[in-house]
Amino acid sequence: MVEHPAGGYKKLFETVEELSSPVTAHVTGRIPTWLRGSLLRCGPGLFEVGAEPFYHLFDGQALLHKFDFKEGHVTYHRRFVRTDAYVRAMTEKRIVITEFGTYAYPDPCKNIFSRFFSYFKGVEVTDNALVNVYPVGEDYYACTETNFITKINPDTLETIKQVDLCKYVSVNGATAHPHVENDGTVYNIGNCFGKNFSLAYNIIRIPPLQAGQFNTFGLTPNYIVFVETPVKINLLKFLSSWSLWGANYMDCFESNETMGVWLHVAEKKKGRLLNIKYRTSAFNLFHHINTFEDNGFLIVDLCTWKGFEFVYNYLYLANLRANWDEVKKQAEKAPQPEARRYVLPLRIDKADTGKNLVTLPYTTATATLRSDETIWLEPEVIFSGPRHAFEFPQINYKKYGGKPYTYTYGLGLNHFVPDRLCKLNVKTKETWVWQEPDSYPSEPIFVSHPDALEEDDGVVLSIVISPGSGPKPAYLLILNAKDMSEVARAEVEVNIPVTFHGLFKRA
Ligand SMILES: [Fe+2]
């Protein structure tokens, strides 16, 4: 296992300034001439406002990054997203909007009565778009997991406008991981507040080129798979009390110790939920790898974290910025990562109670019909390493999203510290790894060659920081997707903090 005693990963969580115009990157190796377009990525870039710190990984103010590739040259640009949360923090020089793990104190200038009445105006939900950027038709939006998304200009990185999804569909939050089909249709899942504060999920379908629009879900040509994990927002706490007792989103989560995980399947065209209940033991889930149909089965590949305790409890900035020995000690206590394949039979015969219903020859995953008419799933493990996660999975999405596939690319987390890039063959479990000392990469984005014949004909793009390497502490890394060998890198003279998700926009 690679160790990080110098603690260079702490630089992932340091405030940086935006750029007034793009800077030229210094290229070593040769940028493929067919690689033309922009890598757009989101993450936090401002980790405190004046003397007030943000506390959680998902609290820092959204910074939008872009690497442009044109005729072998690379430039880098970044701008803060002008969300309400950011603009008001800049204007008032304090944290105004409560973030995921940071409570915004009421304005001390207001007296007690005006503060009291302001509670009745309801909770001000953050629009801090630090998680992802995705296209809707011709437009690009930055987002977090609330009802607010922010339209941005993908060329200049300027903020265009805030969009409230609640005005278009009945949701109070949507995932930061929508699916975009090849015709441009966007699918997403949102929470809505049902009767008696029960939580229901709505499927949002946005037809291509139409205005307007808890983690990921699975989408195949005919089905939508939603994984219900034990971690939930307690809506009573969320709606009624949080601003009164100074809570934030993290305080409103609850984890059910006994329910395990339930998987729900809906037919895509009818939007109807299948009457089959799939269950398995508890895990946290943030990212689906891929989902596909095969002969009456749904194959669902997931990056899981075993156990019911909320993994986000370990993602406070104080934990992530600790010295290496302390980082390791904390991560030992956390749920452990495992990439898994679950197989869900779509046709059920009661006569088969007690038997394994999975008849596919290539998997050891099982599905057993129980006498209570639920189906108990046991997974096939596709990647497992002690305290080593295969996370932020990417695939050749355009050609293989929702279809049988072979390869996935992931970010390797070593006790939550991202320190390698990994390609995984989900059939043979063979892996290819890129890793260098004191280097901290981001989610690897696969870009296929324009004339690709094979699934992995193309490159993988990742932003890497290597704080110990002198005047150029960060670079854009280009790997050959076949074997994860380096093709080129484009170095910049500024630090680049952690980014979560993004996309490659072809020119
Ligand atoms: Fe995510």
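Cβ coordinates are placed from backbone N, Cα and C, and glycine is handled just like the others.
As annotated by TrEMBL, Fe cation binding site applies to H177, H287, H501.
The structure, with features from TrEMBL marked on it.
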residue : record                 : DSSP class
H177    : Fe cation binding site : coil
H287    : Fe cation binding site : strand
H501    : Fe cation binding site : strand
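Its own atom aside, the Cβ of H177 (Fe cation binding site) has 20 Cβ atoms within 10 angstroms in the protein chains shown. Put plainly, the binding-site residues H287, H501 were compared by Cβ crowding within 10 Å, and the winner is H501.
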